[in-house]
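Features reported for this protein in Swiss-Prot:
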- Gly10, Ala11, Gly12, Lys13, Gly14, Thr15, Arg127, Ala178: ATP binding site (BINDING)
- Thr31, Arg36, Gln57, Leu58, Val59, Gly85, Tyr86, Pro87, Arg88, Gln92, Arg139, Arg150: AMP binding site (BINDING)
- 30-59: region 'NMP' (REGION)
- 126-142: region 'LID' (REGION)
Amino acid sequence: MRLILLGPPGAGKGTQAGLLTKKHGIPQLSTGDMLRAAVAQQSEIGKRAKAVMDAGQLVSDEIVNQIVSERIDAPDCANGFILDGYPRTVPQAQALSQMLSGKGLKLDAVIELKVDENALVKRMESRVAETIAKGGQVRSDDNPEAFRKRLVEYREKTAPLSSYYAGTGELRVINGMAPVEEVTAEIERILVPA
């Protein structure tokens, strides 16, 4: 199973990816985790990424695409993977399609978790309150103003992926506002049609 989960910050992509990973035994591939691992391993591409990040710049699509390509080749991805935070742009999606095709692979589905943005802000606020109540650390960008900026960035940069994947016929849209169990069940129905 090769899957992309789309949706704005706070839509529940990480929650769903975690549940699917546990059930199907395939890895969740997070761009941030892959970048950090490449830097820690001091691979050639990791060194290039580190130099860019140390300069306070965004890592180029070329570097991110190469890191993703290398990660997909790892043995634990032989039976599939769930991409989280990649692709973020249409050019990255096009590169992913070419990359997978070159490996003789294709995506099984691109699932978009459709959510109401105002409800997302409330969801974020309650997640912060729960984290604080449990004595946990809160992300510096987990406040309404920063969260709304992340939503705007998502709309501008990542939301066009919906149109792109609708055009390829791979997009499936589900209600991300439903309870977690219902969202999971709907994803399973898409992945394993009756």
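Each Cβ is built from the backbone N, Cα and C atoms, and glycine gets one as well.
Val59 (AMP binding site) and Arg127 (ATP binding site) are 29 Å apart (CA-CA, integer value).
Gly10 (ATP binding site) and Arg88 (AMP binding site) have their C-alpha atoms 15 Å apart, to the nearest angstrom. Each of the binding-site residues Ala11, Val59, Ala178 was scored by how many other Cβ atoms lie within 10 Å of its Cβ, and the smallest score goes to Ala178. Its Cβ placed at the centre, Thr31 (AMP binding site) has 19 other Cβ atoms within 10 Å.
Each of the binding-site residues Thr15, Gln57 was scored by the number of other CB atoms within 10 Å of its CB, and the largest score is that of Thr15.
With DSSP classes pooled into helix, strand and coil, the tally for the region 'NMP' (30-59) is 22 helix, 1 strand, 7 coil. Between the binding-site residues Lys13, Arg88, Arg127, Lys13 has the most other Cβ atoms inside 10 Å of its own Cβ, all protein chains included. In sequence order, Gln28, Asp84 constitute the residues six or more apart from Gly14 (ATP binding site) in its chain with CB-CB distances below 8 Å.
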